[in-house]
């Protein structure tokens, strides 16, 4: 336990705490000769920004619209992959591959695939006759948001699939057999036996993914840079624009807001989870 | 037991790793090692730079140079961290965008004293000297200039019934609209709506207000107001919006540098405003041959003049460096004679040396338009863009975002200009 | 396993798995095809779904122009060492957190969870200064240390979750049989948890393998660069070198794919029912 605490303390908490003081200072790279304490002024700047509401909404949409399909598809894959079939190993290696690429690379790759004029997505859609004119995916706020979420779903399913598959391995077959003997249907077995049995892993995976996705600017940054007109920014991509402007004060303040929001969410989530557990036992 | 085998395997792996990753010690024989960090990294340029550095090392025994080449997207941030920590960097690439903040923070050494009596100084062009001595201090020596010209498809222009390249922005709108044919996947103009899209918007506005512009600060009019307040600026932006709506690919709202270059070199757009760097990229295209395209001077406004927005970057020395004299030596080596010429030609830059553009290289093919612009300084006026101001990156971010709002119909051109005018007026007032 | 499967269920299963395979594979296919196109063919229009002629040019360039082999070695060394160390440390911490009750337990868990919420860049500047002070900048050992720290919290939380699925009775039985606690952990619990441990290792490895910002910040010399830094180097201010980048991406993905293929055997290995029943 001690080594873990030391590692995390020295290389994560120390730099993080040292870094977060920037949030309460005037800390702009354009002039670091004046880094006076300015209290909550950086936070005030953020809340006063007209884009803040949209960006907050986008962040929530980004998380929810990404995680639900990821969970459902990942769960389905895991369940179906339990069954042996020929080339299962190869199949798994192939479908797990998105996780092997960095988010940034995925972003660039999808940016080109969703390109309005020479992107392969439009080309395929036109070849199959689904559309007859190319859609400028990344040039319109709605379609751009759709495109980045698609990319994220594609990327994140693997994580759920692996985690759930690993957890499912610990479910004793006897449980299923017993359920089958009781005449329970597939769906009932799933909800009454499988899910409760792996609930700890499942709940934690979902929580971690919420935190990660909320904190995952790579794909959006590479695909749209938050555009058009700030319409696809989430908090963390917006934060990058502040670092690029050299305004580390505001950027750090945004970072703390991210931590704050996620803390509140996690607290509620864990409480709800505990409440549910107590109710069911 | 299988697990203990796994564990011991891991242990060996770990030990081996630790052994492999030991530190490299510094030489103790009086050799000075300079750390040089580049920012606008690209592989071909890095290779050329390494060749030049090798030659420098041969001429200067006792000085070694270690070139650090971070990916360009992350480079400036890394350089900032190094400068802030005061370690790991002696010579660095300073851009017109970064010289302001870096010098304000006391990170850059004034090389004025080191450069006194440097024989290469007189060979520099006036533009280069101006940049190198801005504000009375020498924070960097430019290695070249990035100018803009119009890349265009001679065949498409001809097919559409025009005699030659468009000279003015209105010509461009006319020709691009005529060529635009979405059904055939052919578009007029490779519009820049994404990152740094504001720079082309500024280009069109500057062309429209060229005669009233303060040449020392291209965003300001001679009367002290911002150029965005001029009535001509509205004409310019209206035309620019028409150009997008009638003659550009719809997805170009999101186009940045790579998409624009790509859109031109894959043959789907007829016009492109870009740096000369792009010449090499387009020459490699197999979609269009050398006979199908060339370049023309930038586009003029109604009064027949245009502003050439020269951007620049160069080499500077870190204030915290313990080897400033050696660093200055390296910069001098790179800024004179053969080394400078090879660097500017190899990177398709406008040269910093007098007479540099008379070399054969700059007289051929796509480079001709640069010569034309150089020979007609009254038509193609060089004006200093205020890229060194502390708020430039903030401005770029704001301007890009608002320009996109105009393109997707959330903002009118009038509102856009009012916002930009207010922004600059306020910044200047607070200065 | 559930052995009865109706025909419609079978069709759904195969249809779904097939569809997802196509969706997943297509971008991979696209990268591979691009990597074998001659430099001039990459941007041809209409799109080429198959190269007109296969060219190894992009791959040759990687090793001739860039020192790609060195980057691969660096990434392998750093990721393997960091992932291994982190998995081991996390395994022990997770065990302690799952099996013992102590006062600071919740606090530690929360502290670990919070690390996942911090946008990395806040810590980047101070971390760089810290590493300068420690003399670990531009040093693979330094990068390994940082990666271990980055991996531990998630890995611990994840493994603790898997521990929770393993009944206490199992190790109690082992301890009655004369095993020490540590012995019981490694002889009895670890085998049962193998899928989870392998999964944890893989996630650690992949996270390190793909990490960009810390690597760019902490490494300078070309000989110390890792693959993601090199990959990003193909994006220059005026272009993206798609050919080299695709080739590099293919080479980057390969080791991870092999790892996945190898590890997925363990993940889906399935446990003998007896082991869990205890």
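Cβ coordinates come from backbone N, Cα and C, glycine included.
Checking the ranges A:223-247, A:248-272 against TrEMBL, the transmembrane segment annotation falls on A:248-272.
Per TrEMBL, the stretch carrying the note transmembrane segment among A:38-59, A:60-81 is A:60-81. In TrEMBL, the feature transmembrane segment is placed on A:93-114, out of the ranges A:93-114, A:115-136.
Listed ranges A:7-32, A:189-214; the one TrEMBL annotates as transmembrane segment is A:189-214. Stretch with the largest number of CB pairs closer than 8 A to the transmembrane segment (A:144-168), among A:60-81, A:93-114, A:189-214, A:248-272: A:60-81. Under the criterion of 3 or more C-beta pairs below 8 Å, with sequence separation of 6 or more, the transmembrane segment (A:60-81) and the transmembrane segment (A:189-214) qualify as touching. Same-chain neighbours of the transmembrane segment (A:93-114): 77, 120-122, 137-138, 147-148, 150-151, 154-155, 157-159, 161-162, 216, 218-224, counting only residues six or more beyond its ends whose CB sits under 8 Å from a CB of the stretch. Counting residues 6+ beyond its ends, the transmembrane segment (A:189-214) has Cβ neighbours under 8 Å at 59, 62-63, 66-67, 70-71, 79, 152, 156, 159-160, 163-164, 166-168, 170-171, 175-176, 179-180, 234-236, 258, 261-262, 265-266, 269-270, 273, 280 in the same chain.
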